């Protein structure tokens, strides 16, 4: 193998391959929750369940990949075949997000959502197979490229390898949400999911091509059987054998695994004991991952109800970059500053203590998330509950008015060109309302539906009052920081209204257009009201925030400048996304202490040939963590999101205490010492055997 400054050239292909693959995976995963809620129109709980099911699959398939590579195909072929499946999956997902596939009436929404759902789910299953299957192979394949005496280079390779993972995830979580924010589409412009999923698909193909280019240079180790299967067989045999000899007449053995000694050698049994001792400690760990992996689901959904104005508009799914950025900063800071300081204070900060503290930090991160959620909930509009209806009044006149809700419910004064807030009534009790100006009054009968919001716009004409009851048809706050805008015509004649060339239609007097989705931005929009071919008049909108809804009345025209009034139907998002930074910081500190330490600890407590079994166990804890989220999100009857955050924080705190107790009773071992003992015993046995053979030979000569 050709070498470059002591490194095999082949490893550079492996590092580039890993960067592209991680870019592809994290770029796609960053968008997934909002794709499920915004494009496939799934409600938040169901989207959360699907997201975590996908994540769990991604961490279950590595066990399959490891067995495939070690027992059958070898690492190289496993990586190639599964990468092909992976690239196909990314492509299928990207195609499934093309609105035009089924949007035959060009209205911007798919006519056959089930086709998009089917393609998306097939794509996700193939991606889970691919990404999970190659996960255990790539780093090990990289390690195989080095000779036994290249320990130093191998460790530098692993550092570069993890740097490639972090760079890939960081860059993609910044870029793909920006690509998604572009408007694209042939007939109806909307968020560009095909492009945002298409770039990761292209990078996956690039990753595969780069890996194949290096093919001639790789050192390909033949599959040597899977140690994981051996361990499972050994455990299975021990249990079966113990069960067979359960009666009193058989003598007890020191450890239940010793019942495997009839079939398996002492060394494998001793190594399996070490592994099981570590795996036992893994039992509480899934709870940490249950919280950690909600960054991409619940926390991203939380960010959609926040204000992302950082000078530039940040997309809700871009907040996940906080974790990737912080991890790049925190790992060196914790290792070179925090741990040495703790050591100076003469505190024995063992790996298991670090992991316990890491769990505590993650628990506190969810307390912080709950506090932020309480603040967000305060800004939410209150929509009518079952058995209720809401109505608000807009007085488009230059005189004040009084409105009485009949029969004898309440009376409200409405100033000129002002609106009231939404008032809640029971539809059966509210029969009519009486609008009173100083000289005229009018009674308007009402038939309101429950669960709906209405706006009543009114003004005087020459001898009477013109009221118009408008159904608002909005049942939730606009998602993704978008705004809803509609126009109300306050001219005495019909006008045609546009805003930045977006048509709101021809509006008769006192009528309202439907709501249209409008991006939040720093500059006003240009509003034009015209009465072709006679005149047109232009004015400016206000600067919309994020997540608001407005009714804009076009009132008059002064020197070709349009007079408009903005009525706020739903207040914009006021809690800033920066308030999520503390929870990301706490969670990242937790991750550095828990995740980084956890793997190092596992490897230090088990023999070198058992690393793959421990990695499988570790990944399994991540999968189980995601399954916990699915169960809690599906089963919890909590209707408040902050309460769910507190529940998760409390669960992890309990698990943290249990883990601390387990860790207290754990005794650290040195697997090398135990292995050395075995090799000593082996040498001794061999020597005894040789001596016996020599004696026998001498006897036979005599």
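Heads up, the Cβ atoms here are built off N, Cα and C, so glycines get one too.
The model shown is predicted, which means the values in this text are computed figures rather than measured ones.
Ranges compared are 25-46, 113-134, 223-244, and TrEMBL records transmembrane segment for 113-134. Taking TrEMBL as the reference, the stretch among 49-67, 296-314 described by the feature transmembrane segment is residues 49-67. Here the transmembrane segment (113-134) does not lie next to the transmembrane segment (195-214) in space: the count of CB pairs under 8 Å, restricted to residues six or more apart, is fewer than 3. As a quick check, the transmembrane segment (324-342) and the transmembrane segment (645-666) miss the bar of 3 or more Cβ pairs under 8 A, pairs 6 or more apart, so the two do not touch. In this chain, the transmembrane segment (274-292) lies close to the transmembrane segment (645-666): three or more C-beta pairs between them fall below 8 angstroms, excluding pairs fewer than 6 positions apart. Touching of the transmembrane segment (613-633) and the transmembrane segment (49-67) is concluded from the presence of at least three CB pairs under 8 A, sequence neighbours closer than 6 excluded. Within the chain carrying the transmembrane segment (79-98), a Cβ under 8 angstroms from the stretch's Cβ atoms is held by residues 21, 24, 28, 35, 39, 65, 73, 115-120, 122-131, 133-134, 137-138, 141, 193-194, 197-198, 200-201, 204-205, 207-208, 211-212, all 6 or more beyond its ends. Among residues of the same chain six or more beyond the transmembrane segment (195-214), those with a C-beta under 8 A of the stretch's C-beta atoms are 9-10, 12-14, 16-18, 20-21, 23-25, 27-28, 31, 35, 79-80, 83-84, 86-87, 90-91, 93-94, 97, 172, 175-177, 179-180, 182, 184. DSSP places the residues of the region 'Disordered' (679-702) in helix, strand and coil in these numbers: 23 helix, 0 strand, 1 coil.
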